[in-house]
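Record features (Swiss-Prot):
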type: TRANSMEM; residues: 33-53; note: transmembrane segment
type: TRANSMEM; residues: 77-98; note: transmembrane segment
type: BINDING; residues: His83, His182; note: heme b b562 binding site
type: BINDING; residues: His97, His196; note: heme b b566 binding site
type: TRANSMEM; residues: 113-133; note: transmembrane segment
type: TRANSMEM; residues: 178-198; note: transmembrane segment
type: BINDING; residues: His201; note: ubiquinone binding site
type: TRANSMEM; residues: 226-246; note: transmembrane segment
type: TRANSMEM; residues: 288-308; note: transmembrane segment
type: TRANSMEM; residues: 320-340; note: transmembrane segment
type: TRANSMEM; residues: 347-367; note: transmembrane segment
Amino acid sequence: MTNIRKTHPLLKIINSSFVDLPAPSSLSSWWNFGSLLGVCLGVQILTGLFLAMHYTSDTATAFNSVTHICRDVNYGWLLRYLHANGASMFFICLYLHVGRGLYYGSYTYSETWNIGILLLFAVMATAFMGYVLPWGQMSFWGATVITNLLSAIPYIGTDLVQWIWGGFSVDKANLTRFFAFHFLLPFIVTALVMVHLLFLHETGSNNPTGIPSDPDMIPFHPYYTIKDILGFLVMLTALATLVLFSPDLLGDPDNYIPANPSITPPHIKPEWYFLFAYAILRSIPNKLGGVLALVMSILILAIVPILHMSKQRSMMFRPLSQCLFWLLVAVLFTLTWIGGQPVEHPYIIIGQTASILYFLIILFLMPMTSVVENYLLKW
């Protein structure tokens, strides 16, 4: 008799995706982040659902409702901090996942890669709108600054901003619609994840060597399920440590002050995971130019497959490209640091230099290095 998991219409889909899926035998721990992202998404949806039961999306009561969750709701403080710090873990895993794709050449699966970029934008939009909901000072002013960037769009910019605001400033209408979209978007993200996996399973996984692994495959279960469970334990331990020992480590103290449109905080900045893009935005004096650079800092990932000049897929055997990759990582850390600093000397020039380097490495230095490495292969 055939096993039910191979014949049942629903179970056979799960079976072919997570049980009998042929996987390359050489996958390293860098391939754990896909499943970790799935866990992060699950944690965020569950904690968010329970938070939404107690939250009120009204400017008069939003801040107090978050206080009420932390003080009066059973384990409300735990839900709130799991959700806030879960977002940080989500972005850590997300950036490591993208970095793995860049390093090992996974971007050559263009459909999977492009859906991944869409996912990145969707998660960033969700996180931004979620940051506005507690209605603290940084929530209000962050929303004001970021939504105002749309006014840089020629002709329709100002009307577009007022349409998003639902008035002439960030207020009740804006908060309500941000809550609605913040609730909806994770489910759209879940649907996109399904499409992402669908395209991935059409081609099969890449592997660290970057060479076809068809002759050497192993079943996903039990080998990679055990490996993934270890990853879950490590990540959830890190998240629990962060939540229980220093829940406000990654937050902004200004967000414990209720939103006040008449008092501007000395330094308006987004959450830490957007600081690299914020630094690129600030490094260009022109408003429209800054907005374009901000969008391009993420959208540039879409042209990475076109810029792949190497005869080898992975960077595993390309030491020159490896040096450039780690330089790019250092530049991103520098941009993240600069994004949190005030706009003054020497931070301005450091930010501008790092921004130029960021685009220069991806657009010119990496393709040129690949060509040089191809030439060296002939020796």
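Cβ from N, Cα, C; glycine included.
In this structure, the CA atom of His97 (heme b b566 binding site) is 20 Å away from the CA atom of His83 (heme b b562 binding site). Separation of the C-alpha atoms of His182 (heme b b562 binding site) and His196 (heme b b566 binding site): 21 Å, rounded to the nearest whole number. For His201 (ubiquinone binding site), other Cβ atoms within 10 Å of its Cβ number 14. Within the same chain, the transmembrane segment (178-198) stays apart from the transmembrane segment (288-308): fewer than three Cβ pairs sit under 8 Å, each pair at least 6 residues apart. Residue density at His196 (heme b b566 binding site): 21 other Cβ atoms are found within 10 A of its Cβ, drawing on all protein chains shown.
Nonlocal intrachain contacts for the transmembrane segment (226-246), taken as residues 6+ away from its ends with a CB within less than 8 angstroms of a stretch CB, comprise 29, 32-33, 35-36, 39-40, 43, 78, 81-82, 85-86, 88-89, 93. For the pair His83 (heme b b562 binding site) and His196 (heme b b566 binding site), the Cα-Cα distance reads 24 Å. Among the recorded stretches 33-53, 77-98, 113-133, 288-308, 320-340, the one sharing the largest number of Cβ pairs closer than 8 Å with the transmembrane segment (347-367) is 320-340.
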